[in-house]
Every structure is written in C-alpha cells, then in structure tokens.
C-alpha cells in the first residue's frame, strides 16, 4: 500500500468529532410510523424551564452521525434501513456482479484494493419488465414506506404543539401552491404520482433516510462536494459530506472530477443518509481523457449503469443542450458556464450532430427506472452573468426540458428541473413561472440565483438573496453557493457558511409561503430572546455554536448567559428590559383598560380630525 | 493625563494602514464641476490591457483616506470643503461659543482637555429669520454646490463609457419610481424640493462630501458604530468610521451610549466625509442616568442643539411613539425592540402623557432648520420578530410619521422615515407601499428587514435578503446589520461583513430597478471572468482583497492569476475554456450562418410539431 493510499484511508475510520458532536441541548429522536422499521429521525431542542417552554423539534438531515447512541464505522457504512422495504416489493433482483464495464474494470484492478470501500454492497436492479420508481408505485396507488417516512418527517410533530403563541403565524403568499395543513402519506403519494414532487431514492442506496423535493413541501437545499485534480482525498470528501448534512444539507451532489472518483463515490454513498446526486458526464469525460468530442453514447450509458448500481439517487443530465441552441450562446457576454453544458455543446459542434443525451433520452429513461434514479434535467445553458439572464438560449433549453419531462413521466421516471444561475431580482419570478408552466409543475432546483456578479468572495450572500426569492415563488430545492464560488474550492468553513446562508433562504421561503408550522421556530427563538434566555436563543438558531461564540466575544462570563440585558447595550440601557417594564405596567393596569384607552384615544383623534375639517395637513396642530 | 486617556489618544493620530490603503489598481479621481471647488471624488479601477478594457469608475464614499496624495491628520480633521459654500450663502453666523448648556459644561471641564478634539471647529447657526436647509434652497429654486456635487457623483461618469456591451442592461422594474437617464443638478434640486430625496448636510459639518438619499438615486447604505458601557475607546470609534466608509458605508450612525460620547462625536464628525446620524435620546438618557421617566423636553432640546452645533447631519427622533400606541405592543410576542422607542414608551407610561417629542415637534423643526439637520423619523414600534411584523402598533406609528412629515415639510426641514426590522418576505412590499403613500414619498430607510428570526450569527445574511427586496421596491437607504446582531458588539471584521452584504443588497436593488448604468460593473466583471482576467475580476469586486485571498487559497501561484482555467476545475476541465472554443467555432463558421441554422432548426421543429397534430405529448418522438 502506497503512502498516498495510507493517507487516504487512515482518517476515514474516524470522523472529526467536530463533525459529529450533537448541538448543545439537542437530542436525536425517532418517530415510529405504522411499522416498527419506519423510524423517522428528528432533532429535539430542549429549552430551559422545560415545563414552561416545550422542546422544539426541527427537521434533521444529519443522520445517525449526531446520535451518540449509534456507533459509527465509516468502513462498514450506515445501517441499510430501506433494505427490507426494497426487498419486500419483490420487483428487484440482487446482481451477482456489477453490470457496467467500468465497474468491473475497477473491481478487477488489484492496485485499487486499498482504496475500495470495505463494507458490503450488493447491487440490485429491477427484474425484467418491472419499474421500481417511487413514481411508478405512486401512480399505482401504492403508499411505500418511503412515502410514509416522508409524511412523518415533513410534519415535524407539529400536531403535538399546543401553545397558540408558538403556533401563530402569518398567512403567507404561496403563488398558487396548495400546501395542505398536514402532510399525509396519501398526499405524498399523490404529489409524486402527479410529478409535482420527487423522492430521490435509488434502490441501491438502502442507507437513505427518505426525503422529498416539491413545492408543496419544505424547501430543501443541496450542498455540492467534490474533489478535483488539484486537491482532496476520499477521506476529505466523506468528511465533507457528513459535515454538509450536519449543517442542514438535504441532498449532496458529488461533483468530483479527479482520480478514483468511482471509489470515492462508493464511500460517500455507503455513508450517506441523504440522496446523492452526480453529473455522470463529468466521469464520462474523464474516461475519454477530457476530450469532449470523443464522448459516445456507449461510454455515457456505461457510466450511468456504473453509478446507478452504486446507488446515486439523481443524475444531472444535460439533454436540453440541443445543437440548434448552441449558437444562441455565442453572442452572450459570458457564453456557457455550466460544465456539463459546455461539454455537450462542444460535442454537438464537433460532430455537428444533435446532443446524444437528447437522442438517447428514452434509453436513459429505461436505465433510470430500473434503479429509480431521478432526473435532474441540467440547465447547461443557464446564464453565467446578469447580462445573460433570461435570454433566448436559456429559455429555449427550458422548453426542451419541459418536453423531456413529459417523456420521462411516460416512463414513470421522476424528474426535477435545474435552473439558474445569475439573474437580477426583477427577472427571477419569470424563471419560476415559466418553469412551472413549461415543465408542468415538475420540481424546480436552482443554483442561487445570484442577483449580481460583483461579489466574489461573498457569492453565498448574493445568491441566497435570489434563492430565498425563487424559493418563495415556488422553487423546491436550492443548490447552495459557497463564499469560494468563482474563486476556488470550498473548505469546511466555506461549506458551513454556504449551507447556513441557504438554510436561511429556504426557511424564509417556507415562512413567506405560509408553510404550516414554518414560523414555530421563529416564534420560539424570539420568545427566548425577549425573555433573555440566551442559551435557548443560541440553541434554537441555525448555528448554535456560532451564536454562542459571538456572544462570548462580548460577554464571555457564564453569568451573562442568564443576565437580563443584551450584550449590545449593557445592563442599564436595554430596549427589551424596558419593554418588559412596559408589559408589566400594562398588566398591572389591565390590558383591557389599555385597549380601551387606545380606542378612546383614536376616537378623540378622529373627532379632532373631523372638527378640523378633515384636512391631513394641519400646520399648527401640535404646536403646543 | 491618565493612562486611560493616553491609551485613547495615542492611536488616534495614526489610522491602521489596513484602513486607508487603496485597493489594488484603484485610484482616487476628482471630477470638477462648474466651479473649481466642486471636486467630486470617485474611484477608478484600472484593468489589464487598458487600451482594450476601459477603466471602470465606481461610487466612492471613502473620502480622502484612500487618496495617498492627501496627508491625513485625524487631530486636525478633514479639509472643510463646504465651508466657502456655506459662508457665501450669507445666511448663517459663526457663534462665539456653543449654545447648549451641556456643550458649555463639557468645554469648561479641564479634566476633559486630553479627550477633546484639537482641531478647529467654530459652530454656526442660521441668522435669525433664516432657514438654511437644502430643502429650503431647493424650494426657492436654488441649485446649491451640494446639489451639483451630488449630480456629478450619482452619474459616475457614465456618459464617458462607449462600449455598448458594457452599457447594455436589463430594463428593470421600478414600481413606479421615475429614474431619469442622467442625474442633473436640476433633478437633484427638484427631488429635494418635493421631499422625495434628502441631502443630510449640517452647516456644522463642512468636511462632508455631499450625498443624497432618495429612491430616484442610487440605493445607499448606513453603517452603525458606537461604543457602549462595556467596550470601545474614542480611537476605536474613529477607526471604525473610516473602516466603514472604506467598505462602502454611505452614512454612519454613531450610536454610542458610553461615557465621553460628546467628545467621541466631535472626533468622528471632524474626520467624517459622510453624513453622521445619531439618536439624541440616547445621550439625553445618559444625562438623567438612564432613568427614562426623568427625561424632559428641556434636556432633550439642549441635546439637539449640542449635537446640531457639532455637525450631526441627521437625527433619529422617535416622535411617532404616541401614548395611545404603547398598549398595542403589550400583546406582541416581543414587544418594543427599538431602544429609542422603548425609552419613549416608558416615559409616556410613567407620566401618562403624550410623547414630548410629538408635542414639541414644531420646536424641533425650528432647531433642525437652523442647522439643516434632517429628520430620520424613528420607528420606535418596529417589529422585532417575524410574528410582530406589519401589526397595528407598527402601522399606527407609520401614520403618525406621515403626519409629522407634513409638518416638517412646512418648515422646509428634510425628512426620511425609518422602517423595520423583522418582516417575512411576503409582507415586505406592503411596508414599502404603505410608507410611500402615508409619507408622501419621503425617503424610506430600513433596518434590513430580517426575513427570519432563526439566524443569530448570520443576521447580516438574513437581513440583506430583506434589504435587497425593499431596496428594489423603493427603499432609499438600507441600514446594515452585522453578523453580531442580537449577540454582541461588532468588531472590524463584522463591520466589513455587514457592509459588503449591504452593498450587495443595494446594488441588487439598483440593478432590479434598472437604474441607469447599474449593470456596468457587473458586465465588466463578468467579461473579466470570461476572459480569465483574474486580477480584474478581483479588483472589480466589492472586496478585492477577499477575492484575491480566496483565490490564493486554492491556487497560490502568481502564474495562476493569468492562467486560462478556473481554480475550481483545473486546467483541462473548464466550462469557460470550452465556451471559448464554442465561440471560436461560431466565429469561424460565421455567426450569421449559425443564426440561420437555428432558425431552420426551429422551423423544422415547428413543422414537425404541426404535422403531428400539435400535441405536446409525443411519446415516441425522440426514440430514434
């Protein structure tokens, strides 16, 4: 074993404790469904004075990594919680070996022994003539354990909250989205059947804790990881994946382009409780040494099968980059910025032929449905600058994606649609509306969008603005952007920054849409803030550790954590303390009296206004 | 001199070089107006291959601090560029001493000698019977040098750009705002006369580089600084002010509440090229040892005069917190969160009397017009949580602010209106629309708003989302929020983060409104990105140093700064490189041919669609 391999493997057996340590006062709980093997994980945050302040339950994609009860062994991978569900459907078969040429080639290479995942993974495929997608089941009226799992998960035990002050929330503006008060398994099934939501859940990813992407559910976020030629080892990538879900990544895309990506992917999948997405053309390109023109359908097809049998849950496929659209980008300020899009554009031009992903789309569907891989139809022609937003190339491709959605749906293959990119605020809504219309409400999944080009180093902020807005308008999943966008590869710090920015955007979208229970956590944290329950304020936040550390910077003493004043103003001069006085006063006087006083006051004002002839403009009115 | 005073003074004579160093390839230029003493500063960014890539000029509030030609002596203060303009209007008189009791008291205290600003500042006041506000001049048809300065400044030499690709921009959606193609001095005058824009420019702040706040101008941002009981020295506050304008703060509010705030303010004003705002009630409260109920009109009045003669450009005055509205907050989740608002609420309740700021509003106007201090009518009842957004208390106060605006305008006193706070995305627009209507288009100036409560440690992000949106809807100035909001006092790092987040928001708003020339910088940076001009990309960004540092992390070598590949994907596998190939190909084939090919392609597609009976759903269409 080379020193390099050694270096790659050693850290894999142990994740950094900072990656797995539960948040303060947070506890993993499991809500059991109709059968004992449906155990839905959630994170419960215990507050001070638990008898007065009920614990708050939040959505938790972090997997068993944050459950101290579970022994983590990344060499063995996660427990295969879906295995029985998949097996009992009796429509798949375990393969004696992997089907792809490349998979076999990697298996046969003794040099790779040290790199290979050591645990057990036996690939499955649909039996001949079977379709194993969640959409297929849904359309046949079947509620799968995955669907029930999701229904429980989306509700976040909301029905157990009794405090009306916590439940109180604004009505929201959902732009035609019809979000039910409670998510039922039947609703999940129906949404998947209609194509309005997807459950990315490859039958070869039994470790998955099922989740759903659709605009009638909580808005989700995706985090990208991936090594490149220049940096990163397998261990780093696994660590990054666990780190990403710790902070709230709902899905993770592995965009690796370096060497050993086959083995890296295996390690990631076997240890991932969230759906993993990939862009198979990246790996296909590696197989032809980066020469786009040498790509063939056969190489691509083999790559799809290779990855599908590893368990990838969704594939980005740039089938909408049609030959005829490529010249539309030539006049752009910044051309094609999607890697996948540019690869296919180059291929199209080199051969002067139609994109082979487009011409072979039905065959791709056949593969997708044999494993239940969902399409993430790539926006290869997305705008890479404000100038290029909403142009002919972008919308021409979108039309094609709508057309391809219909074809995928004929095969009961799940589809989401990727979207931009760089779009000024006033052009965002057009993107969402057009996508809903053209793609028949298939879930939209956008990268940002960034609402300006001038913020390198802060593009997580520029893009979270666009992400929040498009999430509000109806986008189902937001692909994060880190501060390193346009500049370099994100490290752990950048991943955390990017994810929190996107958790803010996604949550803001839920709030603005009026998603049931979305305001609960806001109400709880604001109540804690008002009552000077500092620790509760930290722990209810999206990043408890950061909040605590920032407070410590100004007032490091432990006593300050229970002090009845803010760290901003000091002990005597605090707005919230004064408000408490106001409230005490109001209580003391009786709020009813005060309400009456207000009414009387307003009446007086109104009377005064009227006697003065109803003019708004009263020059000497208060000159007393 | 005590050791403490020594410590306070020593660093004042020299600012940290990191605070004043010009950005790479940036140069301070001055555009001269109709008279030689109108010299409008701008920042010119020189790009590589200057003959092909014209230098880009950007708005620059950083003052002479970033001009290496100018010797900075903070003990003497900045050059008094407005002094002649003020004097020649011949409507003010130089006072032999300060008029306020408190000002005289501080002057008489020998203990304070070491703390006092050493430079020259002779307070002025309007001659009896005169009104010296920019609004007063504007309404009399007078174009002041301040107005001309602003017109030149707002245009950013846009008329000198020739490259149509750089000038190209989206049309924008301005929600009824009528932004002219070019800002003329007459337009500035007219907007100020109508009250739709303000020029905060106290006659006692001759060091000011005039700027304007209004929705028909570039969106501005404010940065708060201020010590408190627990931390900070005078030197730190001056340094923070210079730091804040370096990153793009258009105005700075001094929210100090600790000791020596009188002297701190003097140092800040004498060294500030941007308008300084304060909340005088904070200092008034200090004068009564923090006991709100002991506040009196006389103490407050003396404070206004004290600060007006120092040169404060705008005062936040919470005159809309009427007695009758206070009980409306008692049922809120989080009550009153504005410090000023809560002080006044407490006073109202303690005395069961109407807010003395409201009852003495005309007398306040008399003071404002004698110095040209602008009102920033405070939103003392702004919501401090999502739950409390857009409630009765908030909007009742807004109505009163509209009423007070009319009164101020009768006195030709300039007014802007402060706004929230915490507001979910879907309720933001109502704030803007109501404000425009109720306050007759007086400029709106909001704190964020934060679009969720759950992001302590990242509230600069949560609030920049709301800020960008409300800026787009018509808000004229955005008060920044730092990552320390709700947790502690911001340090220099936090100030930088907060300002950049808000520069993003303000610029995004300009872009979305279609402000003339707003897209120029985006176009230039995207072009640089596309052409792998790395240094240009960094230097055109909002934070060139951060961008450069981030790029260095992945590819530290100097050669990489001219490399024709991204730091993300490595040399061979780069979308933008492929795009260049596509473009070369397109050029080689002749774009015209390609456009024709597209047209033919689309025609074929359309014909095919029609022969198939116009069905969208074509199952076997591409199965070839």
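Heads up, the Cβ atoms here are built off N, Cα and C, so glycines get one too.
All TrEMBL annotations are machine predictions without curation.
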Per TrEMBL, member of A:137, A:282, A:502 binding substrate alongside A:224, A:253, A:318, A:338, A:339, A:340, A:379, A:380, A:381, A:382, A:418, A:445: A:282
Feature region 'Disordered' in TrEMBL, mapped to one of the ranges A:1-24, A:25-48: A:1-24
Rounded distance in angstrom between the Cα atoms of residue A:380 (substrate binding site) and residue A:422 (Zn(2+) binding site): 13
Of A:380, A:382, A:445, chain B-adjacent binding-site residues (C-beta under 8 angstroms): none
Most Cβ neighbours inside 10 Å, all chains, among the binding-site residues A:282, A:445: A:445
Residue from A:224, A:282, A:445 whose C-alpha is spatially nearest that of residue A:422 (Zn(2+) binding site), among the binding-site residues: A:445
Listed in sequence order, residues with CB under 8 A of residue A:224 (substrate binding site) and six or more positions away: A:252, A:253, A:255, A:479, A:480
Protein Cβ atoms within 10 Å of residue A:380 (substrate binding site), excluding its own: 34
Neighbour tally for residue A:382 (substrate binding site), based on other Cβ positions within 10 Å of its Cβ: 27
Rounded mean pLDDT for the residues that make up the domain 'ThiC-associated' (A:22-93): 97
C-alpha spacing of residue A:486 (Zn(2+) binding site) relative to residue A:445 (substrate binding site), in angstrom: 20
Cβ neighbour count (within 10 Å, all chains shown) around residue A:422 (Zn(2+) binding site): 27
